[in-house]
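Annotation source TrEMBL lists domain 'Ig-like' at 49-139, 172-260, 265-352, 358-445, 449-536. Among the features that TrEMBL reports, domain 'Fibronectin type-III' is placed at 553-648, 650-747, 752-854, 858-954, 978-1071. What TrEMBL records for 954-987, 1113-1217 is region 'Disordered'. What TrEMBL lists as transmembrane segment is 1083-1104. According to TrEMBL, the compositional bias 'Basic and acidic residues' annotation covers 1113-1133, 1191-1204.
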């Protein structure tokens, strides 16, 4: 025996004979509860005996006759497998004519000459011993009728000669079965094999039929060229008569085989183990079928029951044992034996008399997951004796599950036919018997089914285009989905052009090979869904323009997994219109609290079509969804069905709770009320609680509704209180509220600061000191100290001049502070007060102080009057702020030359009582810059500046030259009040050769400064020119004889005007005349004589050149064209051609052209004026002009402004200067 098992090992490797162990074995297992026995096990030795030696005579047969070659193998265990071969170990070919029978013989329906051979060998293979035995070779000779006479003599004496059948055609005749009628018995469940072999010429064909019935199609097969009928797993229905028919062209014959089906015993009801509690009743049943009917016998613990101890609680009735009122200790193993002549059955059944409390065998807290609308099976396997009774509960054990929607199976399993989300939850199965109770908890999760919301579309796509098969799926969010794509029910090609995303398949650059049917399969652990679409590839055509639009509104909104505080919303997206959806916006309407108003709830990515929404209690929700792509939002979807959540106690308390007094004897408790969405239920109220901090132990409270504050009256002044506010509704109270500390109302302070002192630091700054007030006199929260001070008068003025009272606040922890910005040389008074949230306390005693002298302010104005050739008069006003006793003024001035360089600085001291001064001995036609300031004993004050120009004569003053910003010297500081904008000052203008010069002073921070100008009384827009950091600018291109309005502006970063100067009126004269009476000057007279001499020489030269031409009276024609009137010269014509370094082609001086630079022709084209002396005109050898008819002539426009006659000395000087 194998240790610790019931296995019996027989080892014959030591040389023992196997025959010694042949026999019938049976295993018996026993313990204190009984004995069990096994079926009989038969052990027999496998044998492969040799063929008995025999002499086999040759078979000589006439051609066309039938022949049977016998095999007759030795009996083996198990039976051998038969096959025929030749000497070369090649199988003998078989056909309808030649075949091997079931018994191993080789049958020839008719022989032919080719069948002659001497090596027909029958082989027997014994599979268990893996040996092959062979029979002696058999010789077959086939002869025809002509050879009979020749061979008869040779073989007559020593062999049998088969010549009893003719070689002509003959009717079929059965070789197997050989008898007239035959029968066949087969056992139920075994294989039925019927065989018919016929001889005849031609070879007959075999067919089968059942006389009264049909063949079982799935169990019937034909073998051996239709000569063998095989029916597997035979049942009683297969009994009957089977007809075998052999047919050739001469006739047909048939044979009837009667088949009977017997049956070894088989179980109808095998006995099963039985567990009985004391005093219970039980039944062992042993029912078996068979043909003939089996005999039932019982044994107990391996002993026939009639020989076993008697037991009054046991009664045997044929195939049944009935146990009544069993007793403890009567446990046993019972054997049932069902047998007939074809076999037997043996089964053990343990009858256990047991007293055992119930136990639930199903694992605890097991989670079952099912798909919605599918059946759910919850197991509750139990054990106990007596057999426990199973009861099911859901969530709580308040009520037993019952109703048509539940099925309770015998084994304790609970079945829910159609599971819904409401079936999700905790289930408890309770097993109960008379000895106790046991329970187990399992959980059911009903999941959303997996559905393909947007199926792949059928595509007809142009070659080399991209195609996208969308497969948007809705699935339960707690399940992990797996997307699989198939092409023509096979895997996708291994090609990088196939891109699989979470909800789409993209094929890039499609080709004809990509055509086919594409299927998306979405699998989860519980279910799956699939959809297919086909792809057709066509030749490319011109591509229309893609139109991008807003997406269509989502559709089919559905609410699932509805719970008290959450719900799952799903939808189907609308058409994207060539722009992918980026996100979905989910909105809700609260029909209970805010009907008609839609609120944004959440957003989900555009690839999602499901959202798990968190909800609040006591809200009647309606949802809608909007889709967003790059174009914009879609229209809202149709609203979902309404979903009202259950009411509950508040989840939160009011926020922003505050406590503060508004009067000295109250406390106002305020809060931010809950919204209808936050109330969680009807009957919203607030429980307001308060108590004086560190004084009272009990909370005072009041419950209010529809308010956001409560006033507690009769409180002490400014004492701390603890307050809290809790939300209530009809379903309960909110969480414990937080405690907030506040103070009751404040009252005016009772005391003023004392010991106030002032320390003057300088003329504009003083420092004040005070003593703090006692804390109990504040009667509130000390906010700080407030200093009131007011200027009474300036000391240099005899009468008082009260200014507006000023206030400075200082923090509560300060006992001193500074008073800045005081006026020098002034008298002030002040007082100090303490203040809290309620207001100010009484003032401290008024204190007076005086500030010392300071430097004066800038003079009120400075202006220049009576400009002369060598003198200027300056007038000024005293400073508006003396800030002390004036001791005088200081005037500084310096010239500015044409190169914008500053000359030497002169300084002049002036008395305090003076208001004007005349400066003599100045240079004529010179710009001067003045710096003017007042002074006291403390020192000089800030300066103001002004500029002016001395005149040349009685005419207009000489235009000044602008100061270059690069050469400008640093200027003293200047201050001057301006009526328009304090950022600009001293804006002035002058007209010079280059244009109108605008000068100013600017103190603003902006760097974008422009000069704007417009013709006076014009409706046009102001023109502006940017100033590059200087304080002067030249306006060029102004028209002569017009008046312009000019102003300077500063602009901010947004091109908005920040500062603007006062407007100036600038007049541009028609001709700027700068005549100076210098005709009497000697140097001028000499210069004019030299010029006249040069002109005379030039005229002589011109006259000589003209006479050399001879043929053309050019000079007369030129004179005829001369303009008798002298035209005024422009300022630009200030040089003489005689002294120019220009080329020789310029016209003669003294000739004149129109202002446009061309010569107006008279009647003749012969004039030299038309061609000039340069350009294309040339002289030939005799001096004649050969360019007379050379076409259109051009003149230099710069030379067209000269006079045709000699200018006067005065005019010539004006032009030269």
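Heads up, residue numbers simply count up from 1 along the chain you see.
Each Cβ is built from the backbone N, Cα and C atoms, and glycine gets one as well.
Annotations in TrEMBL come from automatic prediction, not curation.
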Just to be sure I understand, if DSSP states are collapsed into helix, strand and coil, how many residues of the domain 'Fibronectin type-III' (858-954) fall in each?
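Taking each residue of the domain 'Fibronectin type-III' (858-954) in turn, the totals are 0 helix, 50 strand, 47 coil.
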Which numbers of helix, strand and coil residues does DSSP report for the domain 'Ig-like' (265-352)?
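Result for the domain 'Ig-like' (265-352), in helix, strand, coil order: 3 helix, 52 strand, 33 coil.
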For the domain 'Fibronectin type-III' (752-854), jot down how many residues DSSP puts in helix, in strand and in coil.
3 helix, 49 strand, 51 coil
How many of the residues that make up the domain 'Ig-like' (49-139) does DSSP mark as helix, as strand and as coil?
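Residue counts in helix, strand and coil order: 3 helix, 36 strand, 52 coil.
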Within the domain 'Fibronectin type-III' (978-1071), how many residues are helix, strand or coil going by DSSP?
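The counts are 0 helix, 49 strand, 45 coil.
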What is the three-state DSSP composition of the domain 'Fibronectin type-III' (650-747), stated as helix, strand and coil residue counts?
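Grouping H, G, I as helix and E, B as strand yields 4 helix, 47 strand, 47 coil.
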Taking every residue in the domain 'Ig-like' (449-536), what is their average pLDDT?
89
